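*Asks:* Shown below is the structure under consideration.
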C-alpha cells in the first residue's frame, strides 16, 4: 500500500525537474533559459565564442596602430594553411591577440609566465586548437616585432593573468552553484520526504475514515435492529398488559360469581336444613299417629278411633301449616328436636325395609300404591291388621279420605 502511494506521489514535474537538473544544469546568463549546457566547460566555451564584450569595448576606446593591422593581416593569411580543424577557431585567435596587444599598450607591464596554461575542464579539442593557434601566432609575430609594439612576454603574462582571474571566478561560481545545488537537492529531498510522510498519513487517515464509516454503518444497523426489537417488545408488553387486565377482570368476575355461589349455597343449606327439620317433624307426627292407630287396633275400639281422628284433623294440620313459616312448638326445644330426629331416622329405615318386604306380595294381588296409601287409616268396619301386614283390601277401599292425605 505504501509503495503504491509512493509511486502515485511522483508527478511529471518531478521527473522533468530531475531531468533538467541532471542533463542541463547550467544556463547562459545572456541568452536565457532556452540556452543551457551540461557542464561548466561548455558554458565557458559558449561565453568565449559568442559573447566577447570586453574586446568590443577596448576596440571602441583605443585606436589601433598600423603595425597591429599588419599583424592581423599576416595572421589571417596564415590561418587557411592550418586545415579544416583550425578554420573554425581563427576568429578566436585574432580576438585573443588583439586583446593582448591592446592591454599591453595601455598598461605596459610584463610577467614571465608560460603562454600554454589552460583552464581546467575545457574540452580537449578546444585546448589543442587554441595551443596550435597560439604557437602559429607566436612564430609569425616574432620577426614582425618592432620597438613600439608589445613583446611576446607581455602577451603571455597578460594571458596568464586573465586565465588565472577567469579560473578563480569560474571556481567561485562553480562553488556557489554547487552549494546552491546541494542546498536545493537537500531541500528537495526533505520536501519529498515530507510529501511522502503526508501521503502516508493521508492514506492512513483514509483507511481510518473508511474503517470509521464501516463501523458507523454497522452501528446504524445494530441501532435499527435494536429499535425494531424495542418496538416489538413494547407492542408485546402492551398486549400482555391488556391480556393481564382482561384476566384480572375475569378473576374479579369469577370472585363475584364464587361469592354469589357461596351465598346461594349458604341459603340452600339453610333451606335444606329447614326442609329436613320439617320433614322430620312430619315423620314424627306420622309415627305418633301410627302408634296411636296401632294401640287403637289392639284395643278394638275402631269407632272411637275414627271419631278421634276426625276430631284430631285440625290439630294435625296445624303443625304442617305452621311448618311452612314457623316450626312446631314441640320442635323448638333442642332435646325434643334431637329425640325426634333419631326417632324419625329409625322410623324411615324401618318403613323402607317393610316396603321392600311387602312389595312382591302387593305386586301379586294388585298394582303398587302410593306411599301415602300405606299410612291410610282403616275405615269403619275394616280390619286394621290386614291393611298393615298384607295390604289385602278391596279396590273400593283405595279411595283416600281428604283428611288423611293432608296429614302426610
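Cβ from N, Cα, C; glycine included.
Note that the coordinates shown come from a computational prediction; the quantities given were computed from them, not determined experimentally.
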*Asks:* Of 125, 139, which one does Swiss-Prot label phosphoserine?
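*Replies:* With Swiss-Prot as the source, phosphoserine is noted for 139.
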*Asks:* In Swiss-Prot, which of these is labelled phosphoserine: 16, 42, 104?
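*Replies:* My reading of Swiss-Prot gives 16.
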*Asks:* Under Swiss-Prot, the annotation zinc finger belongs to which of these stretches: 26-51, 52-77?
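*Replies:* Checking Swiss-Prot against the ranges 26-51, 52-77, the zinc finger one is 26-51.
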*Asks:* May I ask you to name which of 154, 176, 185, 402 Swiss-Prot has annotated as phosphothreonine?
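*Replies:* Of 154, 176, 185, 402, Swiss-Prot lists 176 as: phosphothreonine.
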*Asks:* Could you pull the average pLDDT for the coiled coil (170-298)?
*Replies:* 93
*Asks:* What counts of helix, strand and coil residues does DSSP assign across the zinc finger (26-51)?
*Replies:* 11 helix, 9 strand, 6 coil
*Asks:* Could you list the residues of the same chain, at least six apart in sequence, whose Cβ is under 8 A from the Cβ of residue 176 (phosphothreonine)?
*Replies:* none
*Asks:* Based on DSSP, name the secondary structure state of residue 176 (phosphothreonine): helix, strand or coil.
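*Replies:* The residue in question, residue 176 (phosphothreonine), is helix (DSSP, three-state).
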